[in-house]
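Residues annotated as domain 'Major facilitator superfamily (MFS) profile' in TrEMBL: 37-502. Per TrEMBL, the feature region 'Disordered' maps to 246-280. Residues or ranges marked as transmembrane segment by TrEMBL: 33-55, 75-95, 102-120, 126-148, 160-180, 192-210, 321-341, 361-379, 386-405, 411-434, 446-466, 478-496.
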Amino acid sequence: MYASREDIGYDFGDDSKVGSKPIKPNPNIDGGWAWMIVFSSFLVHILIMGSQMALGILNMEWLEEFNQSRGLTAWVSSLSMGITLIVGPFIGLFISMCGCRMTAVIGGILNALGWILSAYASNVHYLFLTFGVTAGIGSGMVYLPAVVMVGQYFQKRRALAQGLSTTGTGFGAFLMTALLKYLCTEFGWRDAMFIQGAISLNLCVCGALMRPLSAKDLRDKSVVRSDSEDNQAKALSHSTETIKSNGVLGEEPEKKEEAANEEVLESVQHTEAGGNSRGGRSLHGLRILKTVSQLTLTVRKGFALWYSSYFGAASLFTNRVFVAFIIWALFAYSSFVIPFIHLPEIVKQYNLSSQDNVFPLTSIIAIVHIFGKVILGIISDLPCISTWNVFLMANFTLVTCILTLPLMQTYVGLAVVCALIGFSSGYFSLMPVVTEDLVGTKHLANAYGIIICANGISALFGPPFAGWIYDITQKYDFSFYIAGLLYMVGIIFLLIQPCIQKKQPRQKSTEEAQV
């Protein structure tokens, strides 16, 4: 294990200088409006992740309505869940250009449109486009900003804040399941989806609450962070110098663009002062030029940040620990989704349906999952506890449960394992915290977009793969064993890469000394 988060190795961070003067903390960091951001993110998780957890209700309606195979119909739900996460890197581009607030509002409209159009579906393939793709992209455009904004507004209580906001997934699973079941019974599935589309418009309200922090606030936050972590400050300084020397995220082009933009602004103001002597067309044209210039500058700066994060000298992929984190994410999420999909069939095979009807095993996972996120977040925020170590311990617990679940053939045994799965999977609330520790706040949107993209691939192909294994072996045992072993491979990558990362700077310094 590792003693502290500094041992992980940091390659990226916010481009800020650590000053010697004490800086007055912003009241909105770790308090004030920050808790409104948590509330907004909580509602986003209810409306998006909670709704996706409740798609089993609609899946039964679609099977009865369209009379298609279970495998084909299940792809509607898989597409929606997978695309929500897979589009993460591209949503990072939107955030870089438009900001979290605008991206979330547009995503809320798109998500609601997908639900409403799905109410008029004539076949399953129509649902692939309207619900799987349209609603899925809209969900991704709201989900990523909700996570990123919490990371920006919190420093000392990041893990707790992420834990509280992501508990909306568990609450949403209960609320949306009950709501969709009631709506389908009273109005039919088509009207239920139309009503759910109207409810999803509240995502626009959640996006409107995502008030962006000023550049000064972000610099102040990074200064406080650097003062408290000297080792990290050195790494951040080295990373900043590397980026500037390569000219990828250098400030000179931006300064030139800003100077040109100021010239346009001054010319417009000068024209407005003498507007009585000049034509209105010239004034109108300069105003348009000013708007276009500002928009162009914003787009170019956002694209430069997005491009450099993936392909430039400051590429996130040069961080070996982050690459290991991506490999881990490719296998981790399916291990959480597979029990939700296949537990009902396992209960039926073991003749435990009567007990499961009283208190479903999936409900046990959902309930304990809520407490797991909060408790793990509180533990991780303790000054003597490393978030990285808590994250690894939770992963070890979850993979052990996945491997032992097929061995349990009684309801009590399955309930205990499911409770442990729910609690240990609470590490999902720590994923944004670990990501921010690896790459810094400035690159959090792009980096976390890559992580949830890997999770989306895992969610998209994991359950169908488990079903394919069942078709071959007529048992779910091997599905859990294979998922657990692949999950263990990802954990091993997380364990070995930090050791390599710590040795790398020493090798470079030796080579530089020889030169």
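Keep in mind that glycine also has a Cβ here, set from the backbone N, Cα and C atoms.
Contacts between the transmembrane segment (321-341) and the transmembrane segment (361-379): present, as 3 or more C-beta pairs lie under 8 angstroms, all at sequence separation of six or more. For the transmembrane segment (102-120), the most Cβ-contacting stretch among 75-95, 126-148, 160-180, 386-405 is 126-148 (pairs under 8 Å).
Long-range neighbours of the transmembrane segment (160-180) within the same chain, counting only residues 6 or more positions beyond its ends whose Cβ lies under 8 Å from a Cβ of the stretch, are 34, 38, 41-51, 53-54, 56-58, 146-147, 150-151, 153-154, 192, 196, 363, 366-367, 369-370, 373-378, 380-381, 426, 428-430, 432-433. Across 75-95, 126-148, 192-210, 411-434, 446-466, the stretch most heavily in contact with the transmembrane segment (33-55), judged by Cβ pairs under 8 Å, is 192-210. Highest Cβ pair count under 8 Å relative to the transmembrane segment (126-148), across stretches 75-95, 361-379, 386-405: 75-95. Counted over residue pairs separated by six or more positions, the transmembrane segment (75-95) shares fewer than 3 Cβ pairs under 8 angstroms with the transmembrane segment (361-379), which leaves the two as not touching. Remark: the transmembrane segment (361-379) contacts the transmembrane segment (411-434), by the rule of 3 or more CB pairs under 8 A.
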